[in-house]
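What Swiss-Prot records for this protein:
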- Ala142, Gly143, Gly144, Thr145, Gly146, Ser147, Gly148: GTP binding site (BINDING)
Amino acid sequence: MPREIITCQVGQCGNQIGMEFWKQLCMEHGINPEGILEEYAQNGEDRKDVFFYQADDEHYVPRAVLIDLEPRVINGIQKSPYASLYNPENIFISKHGGGAGNNWGRGYCDAEKVQEEIIEMIDREADGSDSLEGFVLTHSIAGGTGSGFGSYLLERLNDHYPKKLIQTYSVFPNENDVVVQPYNCLLSMKRLILNADCVVVLDNTALTSIAVDRLKLLQPTFPQINSIVSTVMAASTTTLRYPGYMNNDLVGLIASLVPTPRCHFLMTGYTPLSLIDQKVTSVRKTTVLDVMRRLLQTKNIMATGAIKKGAYMSILNIIQGDVDPTQVHKSLQRIRERKLANFIPWGPASIQVALSKKSPYMESGHKVSGLMLANHTGIRSIFKVIYDQYRTFRKRDAYMNIFKQTKIFEDNLDEFDSSDEVVKSLIEDSAAAEKMDYINWGNDDDDMGYDPRAPPNFSSMQ
């Protein structure tokens with residue numbers, strides 16, 4: 001039986017994609033912007049209680065905590081048609097309202113100052129759950145609040161709820177979004193590696209390219225990019241909200257995709273893609289084979305250049321629509337025959353498939369749609385760009401004074417050195433995973449602290 005998940009939205013980007021996610025969920029479950037269930041959705045078979053709970057007046061409230069150090073985005077949410085959807089007690093805006101100034105150190109230290117207030121909100125949500133399974137964090141790793149505050153929150157959640165799963169939807173930036181982003185990204189990466197069980201990488205560069213090339217948007221807006229993200233988030237949770245026999249809880253989804261503890265960074269693909277307010281311009285017949293084949297194409301992968309080299313560790317395709325299971329079997333056979341997916345040599349070379357219902361409350365221009373969640377060694381190319389940019393900055397100590405003004409860096413820069421080691425280790429681990437002798441790799445390295453063959457111990461997370 002599906003269990004509850006609490007969503008934590010941190011920073012400008014985290015709250016923007018969180019807002020789009022809740023809009024999407026409301027539409028898929030027949031809930032109006034005020035949280036009231038529409039007449040036509042009264043007898044649904046969906047599980048709304050995974051992400052929503054019902055207030056005393058029976059309107060649906062997201063199990064969400066909204067956090068930001070500057071008020072603009074959350075104020076916008078509170079003035080939107082969805083203003084009364086959220087629990088006002090679960091909204092935190094810094095009293096100073098100045099933001100974190102794109103400084104990871106400020107975001108991290110500000111989080112430490114208000115941790116009791118935040119944990120109290122989360123505890124209250126957790127206490128209202130019958131059987132809490134875990135947390136979802138939405139944030140960006142480029143700025144100050146999503147990266148710094150988000151990092152501190154990951155550490156605290158890990159300490160405070162050691163047996164609960166933590167999944168993140170983390171936006172990785174375009175190359176020149178923020179001048180100090182190599183520092184912010186590296187420091188955030190350490191926490192994503194050590195304190196999260198699963199990270200869905202949302203590569204802004206790839207998302208923008210997909211919006212231009214596939215949706216034919218000349219200059220994609222933030223809401224349009226965020227709408228693509230919300231489509232991915234909603235599709236990745238569809239088996240939890242419309243449960244079947246398999247993949248109907250978060251632990252099942254993650255365990256099937258994460259073969260070793262550190263290699264828990266996933267890339268995504270989605271097809272056919274369209275925006276809610278966009279007319280479908282190309283009409284084609286969507287079959288299971290067509291969808292599954294397209295999901296493996298580079299142009300549909302939401303991570304820049306990530307699958308040009310390397311190999312898949314695992315693939316889970318969530319296929320939505322009216323699907324005959326025999327078609328799935330035939331499609332998998334065809335993909336195997338054509339060798340469309342290159343897998344690691346030491347693991348099972350198979351694509352897992354989860355079949356899911358489509359929401360009966362939303363019109364779709366396509367009979368079948370699909371989301372791919374994939375663990376691919378090539379994702380390290382994104383991490384290597386961050387790491388190399390960081391090393392270039394660090395050699396010159398560029399902009400380091402900005403960080404030295406914060407408490408965590410006022411005495412030393414050990415946190416940078418520690419993050420450097422952890423990220424470098426992940427990049428090496430990911431490269432080693434492509435070789436047959438990976439199961440013996442790192443045995444002499446005391447810092448690794450785990451057997452690469454051992455799956456994450458999800459069984460204890462009850």
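Every residue gets a Cβ built from N, Cα and C, even glycine.
Quantities reported herein were computed from a predicted structural model and do not represent experimental measurements.
Positions of Swiss-Prot features highlighted on the structure.
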residue	record	contacts (Cβ under 8 Å, 6+ apart)
Ala142	GTP binding site	Asn102, Val171, Phe172, Pro173, Asp177, Val178, Gln181, Asn184, Cys185
Gly143	GTP binding site	Gly11, Gln12, Cys13, Ala100, Asn102, Gly107, Asp177, Val178, Gln181, Asn184
Gly144	GTP binding site	Gly11, Leu69, Gly99, Ala100, Gly101, Asn102, Asn103, Trp104, Arg106, Gly107, Asn184
Thr145	GTP binding site	Val10, Gly11, Gln12, Gly14, Ile67, Asp68, Leu69, Glu70, Gly99, Ala100, Gly107, His139
Gly146	GTP binding site	Val10, Gly11, Gln12, Cys13, Gly14, Gly107, His139, Ser140, Val171
Ser147	GTP binding site	Gly11, Trp104, Gly107, His139, Ser140, Ile141, Asn184, Cys185, Leu187, Ser188
Gly148	GTP binding site	Ala100, Asn103, Trp104, Gly105, Arg106, Gly107, Tyr108, Cys109, Asp110, Ala111, Asn184, Leu187, Ser188
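In three-state terms derived from DSSP, Gly148 (GTP binding site) belongs to a helical segment. Same-chain neighbours of the GTP site beyond Ala142, Gly143, Gly144, Thr145, Gly146, Ser147, Gly148, judged by a C-beta within 8 angstroms of the site's C-beta center, are, in sequence order, Gly11, Ala100, Asn102, Trp104, Gly107, His139, Ser140, Ile141, Phe149, Gly150, Asn184, Ser188.
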